[in-house]
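Q: According to TrEMBL, the feature domain 'VOC' maps to 1-102, 109-230.
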Amino acid sequence: LKVLRHEEFEEGCKATCNGPYDGKWSKTMVGYGPEDNHFVAELTYNYGIGEYHLGNDFLGITLVSSQAVSNAKKMGWPLKEVTSGVFEAEAPGGYKFYLEDKEQLKHDPVWKVTLGVSDLQKSVSYWSGLLGMKIYEKDEEKQTALLGYADNQCKLELQAVGGAVDHGTAFGRIAFSCAKEELPNIEALMKKENQKILTPLVSLDTPGKATVQVVILADPDGHEICFVGDEAFRELSKVDPNGDKLLDDAMAADNSDKWFAEHNMKKVSA
């Protein structure tokens, strides 16, 4: 994965991009290619927070890449073969990645993101019936469903967890871009269907850059879903050739671990 851009912020995000935390934070976008046509992960770092309680809401990301498997083995990174040719790796902080030992997909090696749900049929009805995702697969025995907006895009897998969904304290979300004229329609539909809207349609200013419009929803299990106006987002999401350097500089400047150690203190556990 490549660092696509990195940004530092002195205070919390109005659209709660960094969860319910109000202090200094940063975000780093990583992916196999530009956000315009690849799945991208937004890594948020809240200064002063040492660890988060993870729930059962985010169950993992699946990559199709023999190169990733090879890299892990060369680095001595622990791998567990969960099914034939599929290896589980745990990232720092406990997030799970599933690496398929196959030739890397050309359009995007990120195949699917898996979310835990309490009622598979209810969730499928929401994501497909209301949000318009196509159902690619559904397995009643395994209690899973695979959905997506396009054949060549990363898929969303819903996996029943056999009980309530616990979101822990890390507060992630799924985001999609769409034509900005669709945003009022999405908001109106959710109001009509009495669905939860976390952030009504709002314009967010970025100094010196485009003003972007977003609406943030919550599905039946409280998974946050952000729809963002594509036109402004394309300007904001351009790959920054200085992204790697900005991230390196920020990490070098962040002496928080050393400071806490010298003062015999630990970062806060959220």
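From the backbone N, Cα and C atoms, a Cβ is placed for every residue, glycine too.
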Q: Could you tell me the mean pLDDT over the domain 'VOC' (109-230), as a whole number?
A: 95
Q: Helix, strand, coil: count each for the residues of the domain 'VOC' (109-230), based on DSSP.
A: 25 helix, 52 strand, 45 coil
